[in-house]
């Protein structure tokens with residue numbers, strides 16, 4: 001073509017984007033700017049989409065500036081593309097800035113904004129935008145928006161909002177959408193309702209790898225290792241190829257159920273049978289698997305043999321080994337794991353705390369105090385542990401030792417009453433899960449009894465009517481002492497509790513836990 005027009009240029013760019021060659025689309029845009037042909041709004045939105053695919057934030061910002069200069073700064077199509085681009089590039093504030101500047105928004109704009117929040121761990125803001133959408137727009141949410149909203153509910157453990165979103169899915173006829181159903185399976189699993197996850201999954205006629213992976217991960221989080229293996233085998237028999245996340249799920253299930261030989265078999269079959277290259281995250285699952293059955297030397301040997309380029313993945317690997325070495329009193333391994341974490345500037349506070357705990361558990365109080373001093377000198381502060389419960393549509397957050405919340409005195413009174421009743425049954429708590437200081441037994445009992453999960457449980461026992469399962473979420477691993485206390489309390493008050501900690505779910509009933517004390 002001797003003189004391509006704007007339609008020709010834009011069509012070619014769009015073709016490259018659809019063909020998965022977004023880089024060439026960007027190159028064509030640069031060439032187009034060297035001609036006399038002026039881009040239109042569709043040209044700009046197409047090249048912005050290319051930046052989204054490539055996660056090219058800097059290029060996206062330049063095109064955004066160019067769009068403003070050309071007068072497309074308020075164009076609906078261009079702005080919708082920009083919101084999506086900033087979200088994909090993890091610049092949520094940039095996405096919100098464009099979103100707020102728009103006089104008119106379409107369903108794509110709203111969906112992109114909600115997805116940007118949900119994908120970047122800002123679930124509360126995603127739900128707030130969804131509420132705004134429902135109050136301002138008469139159009140029904142589409143499947144992409146609902147999937148993002150349900151994903152936000154998953155990350156927050158908001159069962160009430162998740163159920164409301166499920167209702168919107170049913171009303172809109174989106175139950176056949178793969179992405180929506182997989183997020184529902186994931187949401188109910190992460191909210192302590194694995195039975196619902198299972199019911200939804202069983203209704204899917206031909207589950208995809210996404211849906212199989214969601215249910216396998218959910219089963220693993222509940223310690224249902226054998227079920228996760230059965231699901232994996234069923235998936236393969238039906239001709240659905242597992243991906244890298246599927247293997248993380250099944251390895252996690254083997255780890256939390258003590259199925260070491262089965263887990264090693266899956267690791268060895270990844271590349272040979274399924275063409276999936278094992279990565280650091282898979283080896284980390286195996287390290288965790290060894291640790292949970294007390295085979296720390298094998299775990300240590302494997303950890304040292306793994307080459308990890310990503311600092312975050314390295315932190316997960318050595319953090320796993322550090323936590324296990326503390327529980328098993330292996331200060332030698334804990335020291336190396338802590339050193340690696342501190343040197344890589346990853347999980348520094350946790351490394352100091354866990355190593356100090358390991359030293360304290362073996363009676364090396366002088367070293368433990370020294371580590372505490374090093375933390376102070378280096379200005380390292382550990383993020384506080386917290387737990388939360390959802391009651392109706394409100395979330396109540398609790399921090400260890402903090403009784404400043406409403407009904408704090410009632411909570412303290414109930415905890416003391418329960419402590420007395422537990423001791424009558426032979427419970428000797430208060431000596432586990434402590435950090436840093438050698439204190440008298442009575443003081444230990446007081447500190448542990450005010451851990452955040454116990455405050456959350458006592459509050460829920462007061463507020464939530466009997467007969468309703470209490471669900472507690474926690475941002476750290478549940479300590480052994482609280483685990484024993486929850487078992488005892490479930491038998492005393494004759495109620496079910498479900499606790500989601502950073503590792504898995506615990507379902508307490510009649511004085512026992514679904515994990516079988518293996519977590």
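One is the number of the first residue shown, and numbering goes on along the chain from there.
A Cβ is built for glycine as well, from the same backbone N, Cα and C atoms used for every other residue.
Automatic, uncurated: that is what TrEMBL annotation is.
Taking TrEMBL as the reference, the stretch among 6-30, 31-55 described by the feature transmembrane segment is residues 6-30. Summarised as a single figure, the pLDDT of the repeat 'PPR' (106-136) averages 93.
Through the fold, the repeat 'PPR' (208-242) approaches residues 178-179, 181-183, 185-186, 188-190, 194, 197-198, 201, 248-250, 252-259, 262, 266, 274-276, 500, 504-505, 507, 514-516, 518-519 of its own chain, all at least 6 residues removed from its boundaries and within a Cβ separation under 8 Å.
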